[in-house]
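Quick look at what Swiss-Prot lists:
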- 11-252: domain 'ABC transporter' (DOMAIN)
- 43, 44, 45, 46, 47, 48, 49, 50: ATP binding site (BINDING)
């Protein structure tokens with residue numbers, strides 16, 4: 001399949017192998033992730049989905065020092081391992097499965113803090129960005145009158161939307177999302193899915209999910225991983241209506257999980 005010209009690809013992953021303690025966790029992964037798209041990575045637990053996600057902004061280096069990477073991962077044509085990790089993570093934001101706001105900071109400061117840490121000091125600009133991001137994730141009307149309250153007082157779903165707002169505050173080019181709705185209620189899950197589809201007009205989104213139905217609802221492109229290997233990838237329509245591999249078909253219809 002053609003995923004667009006190389007200049008349009010956010011990530012170009014070629015023959016990627018990842019070893020932790022000499023054990024192969026990812027094996028021969030080759031994928032292109034186009035810009036301004038939603039790219040879904042699905043597969044059963046232990047298939048390497050979250051590990052692949054953490055490679056894309058080099059968080060894997062924080063989680064485990066005994067790693068070895070073979071192959072290439074290009075970010076807008078540049079080797080990610082030749083890019084300063086802090087700069088890369090500013091441009092490639094991440095939202096985790098477990099909502100992780102700074103619990104002892106206020107709702108406002110959860111977004112303001114990273115802005116200040118990256119050199120934005122003007123209060124008026126910070127206030128503007130905070131409001132913009134809260135509006136974008138649909139939280140503003142729910143929290144505008146208690147911005148100084150601790151983030152820990154929010155519900156789990158609200159906390160997850162706050163962490164998305166925090167990630168968006170730094171204006172990333174890519175947002176990585178690792179099972180972002182698996183631990184929250186259905187109302188907030190639906191709000192986040194709607195947000196994801198809206199955000200692709202601005203940035204690329206890579207979402208990991210063990211839920212094929214969710215991937216089918218939101219993704220433009222899909223990769224199916226199994227036991228650390230890429231089974232196949234293509235457009236969402238191709239993967240869900242005419243998969244080339246029998247294993248993919250079994251996963252999509254729920255015969256393996």
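Cβ coordinates come from backbone N, Cα and C, glycine included.
Not measured: the values here are computed from a predicted model.
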Which site among 45, 47, 50 has the most other CB atoms no more than 10 Å from its CB, taking these as binding-site residues?
47
With the cut-off set at 10 Å between Cβ atoms, which of these binding-site residues ends up with the most neighbours? Options: 43, 44, 46.
43
Close in space but at least six residues away in sequence, with Cβ under 8 Å from that of residue 48 (ATP binding site), the same-chain residues are 25, 26, 225, 227, 228, 229
Have a look around residue 49 (ATP binding site) and count the other CB atoms within 10 A of its CB, chains all included.
25
Beyond the listed site residues 43, 44, 45, 46, 47, 48, 49, 50, identify every same-chain residue whose Cβ lies within 8 Å of the center of their Cβ atoms for the ATP site.
210, 225, 226
